[in-house]
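Structure, as structure tokens:
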Amino acid sequence: MGKDSQLQAVLGKDVLTKVRAAKVLLVGAGGIGCELLKDLVLMGYGEIHVVDLDTIDLSNLNRQFLFRHKDIKKPKASTAVAAVETFNFHNSKLVSYMANIMDTKQFPLSWFDQFNFIFNALDNIAARSYVNKMCLFLKKPSIESGTTGFNGQVTPIFPYQTECYECTVKETPKTYPVCTIRSTPSQPVHCVTWAKNYLFGQLFGEDEETSPTDFGTDNQDEIKNMVSEQNELKELKNLATKDDFFESVIDKIFIKDINKLLALEELWKTRKRPIPLAWDSSVKDKIEAITDSDVARGQDVWPIEKYIFLLMRSIKELQQRLADGETDLEFDKDDEVTLDFVVAATNIRSHMFHIPLKSKFDIKQIAGNIIPAIATTNSIISGFSALASLQMFTPNPREGAKMVYTFQDATRFVSTSSVVESNRKCKSCSIPRGVLKINLSHPEIVLGDVVDALVKGFKYGHDEIALILGKDRLIYDVDFDDNKDKKLADIGFQAGEVLLVNDENDEKATVELYIEAMDSGKIEVPNMELPDAPEKEATEEQEDEKEDDDVLQAISDDAPIIIDEEEEAEEASKKHKLDEIDEHETTTSKKQKTSEGQDHVLIE
């Protein structure tokens with residue numbers, strides 16, 4: 001029995017032949033990526049390229065089963081490839097890259113074009129959006145997958161035919177390594193998680209100890225510091241009924257602990273160093289002047305002194321609960337006292353780590369939506385993603401493609417639906433795209449040559465276009481032609497950059513062009529016909545004018561117009577006042593329409 005015989009029995013000879021010849025890209029070798037790579041290798045895919053920028057952390061080992069403790073700090077992509085080689089029975093060609101998929105030098109658009117389709121198993125929105133855009137430029141299918149706790153989804157994407165990744169709003173992932181939360185926060189949500197899930201529980205909740213193996217780091221100094229921090233918090237908790245408990249919290253949590261972190265030089269080689277909380281007589285004087293009414297409005301972001309006051313007030317109220325016999329207090333976002341503690345601790349920590357402060361309202365939203373990653377969900381979604389890929393080898397992949405969802409429900413865990421059409425208002429797939437090839441090393445090409453080539457190639461019939469390079473840098477329009485005689489290198493043109501071309505006359509649709517370098521010639525504009533510019537949604541004022549015009553057109557030439565004399569006088573007065581400011585052409589033209597060739601019947 002041949003090694004492919006079982007696969008052939010399941011897939012059929014024709015499909016298996018196509019799978020064996022397929023060349024695919026897997027972006028991401030984390031929770032979903034590890035499972036998906038295993039599935040693709042066992043399915044016999046001919047060639048699989050794996051890209052991941054990260055290295056393996058200790059916290060990855062509980063859900064990324066291709067990695068072992070000995071692999072910590074090794075690249076995820078190459079380690080995952082090495083792991084699946086042990087059961088690569090079909091001799092799939094495996095290529096790994098430890099790199100950023102958004103690196104245009106290592107991964108130009110032409111590199112993406114070599115693959116039949118792309119699997120997206122990423123955990124951040126920016127990279128997913130970027131891969132989505134590359135697929136739109138190349139009109140290349142992709143399979144997007146993701147999980148949030150027990151919920152997950154698999155979405156086949158056919159550019160400009162079905163919903164792309166950005167057609168719907170996606171939530172930011174909310175799982176973070178312990179070492180990030182405890183030692184090196186960089187986002188407000190890190191500080192919220194620290195205040196809610198760690199500090200509050202350690203001081204007022206049930207005793208819960210984190211094992212050093214779950215810290216997510218192999219830096220021994222950092223591990224020792226976190227273990228010491230845990231032990232000191234236990235001692236601090238024993239002081240919760242003392243009058244000076246608040247002062248002890250300030251001294252230990254926001255001064256001494258930060259100084260200990262600063263002593264770990266390895267952590268701050270590429271990060272901005274935190275600053276311990278200033279706690280002197282001048283700060284204390286400011287806090288004494290603050291009243292409850294000063295911290296009553298939850299939509300505002302306050303000075304740091306007000307958050308220290310809020311922390312002091314909430315700690316005193318929580319101490320009273322303990323004195324009244326309550327034990328093992330729990331955080332509840334709808335409990336004002338526990339919420340105040342988390343809000344205050346979050347913003348004080350954010351302040352020390354140079355992170356933007358958040359309002360009480362914002363923190364309440366964040367604190368209520370922190371969801372853990374579930375290994376089983378990753379495995380299930382990876383399996384469905386692998387199965388969805390088989391549809392790509394059918395005569396009409398779009399026709400039978402299905403989206404798959406998992407969710408917590410008493411009667412059903414998995415649901416499917418047909419893929420839906422693209423969102424016409426999507427910022428990514430609602431505009432046409434193409435590849436603009438330029439000989440960037442040519443010594444004579446200037447921006448004016450690019451403008452002329454675009455006007456001719458896209459048949460604008462005028463030169464009133466605007467060019468935006470990158471995200472938002474205007475480099476040319478009819479009123480700003482300073483760069484027209486400049487060389488492209490001086491303006492910032494480079495391979496992998498994106499150029500947005502906008503028709504200032506609103507006749508043709510805006511087009512986005514990927515700049516690709518070529519070795520000969522000058523400029524090659526993509527051979528594509530731009531659609532007409534979409535109609536702009538009318539404003540209320542425009543709708544009112546349209547209604548007025550419709551009424552005027554509905555009146556026949558020989559029909560009398562009946563006018564209320566008082567209303568006419570009032571309108572004339574209004575018109576006179578407007579005329580004093582500015583002559584309105586539309587109003588004038590309408591007035592002429594009603595006065596020429598019409599009989600007026602005045603009603604007294």
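Including glycine, each Cβ sits where the backbone N, Cα and C put it.
Automated prediction, rather than curation, is the source of TrEMBL annotations.
TrEMBL has this to say about the protein:
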DOMAIN    6-426  domain 'THIF-type NAD/FAD binding fold'
BINDING   28-33, Asp52, 60-63, Lys76, 123-128  ATP binding site
BINDING   Cys164, Cys167, Cys426, Cys429  Zn(2+) binding site
ACT_SITE  Cys179  active site, glycyl thioester intermediate
DOMAIN    315-364  domain 'Ubiquitin-activating enzyme SCCH'
REGION    534-604  region 'Disordered'
COMPBIAS  540-551  compositional bias 'Acidic residues'
COMPBIAS  571-604  compositional bias 'Basic and acidic residues'
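Summary of the Zn(2+) site environment: with the site residues Cys164, Cys167, Cys426, Cys429 set aside, the chain residues having Cβ atoms within 8 Å of the Cβ mean position are Asn132, Leu136, Glu163, Tyr165, Glu166, Ser422, Asn423, Lys427, Ser428, Ser430. For Cys426 (Zn(2+) binding site), the spatially nearest entry among the recorded positions Gly28, Asp52, Asp123, Cys179 is Asp123, judged by CA separation. Reported as a whole number, the C-alpha separation between Gly28 (ATP binding site) and Cys164 (Zn(2+) binding site) equals 19 Å.
The Cβ of the residue listed as 'active site, glycyl thioester intermediate' has 21 neighbouring Cβ atoms from other residues within 10 Å, across all protein chains displayed. For the domain 'Ubiquitin-activating enzyme SCCH' (315-364), the number of residues in each DSSP class (helix H, G, I; strand E, B; coil) is 31 helix, 0 strand, 19 coil. Looking at the residue listed as 'active site, glycyl thioester intermediate' and Cys164 (Zn(2+) binding site), their Cα atoms lie 35 Å from each other. Cβ-based neighbour count (10 Å, all protein chains) for Ala126 (ATP binding site) stands at 8.
Around the Cβ of Asp123 (ATP binding site), a 10 Å sphere holds 18 further Cβ atoms from the protein chains shown.
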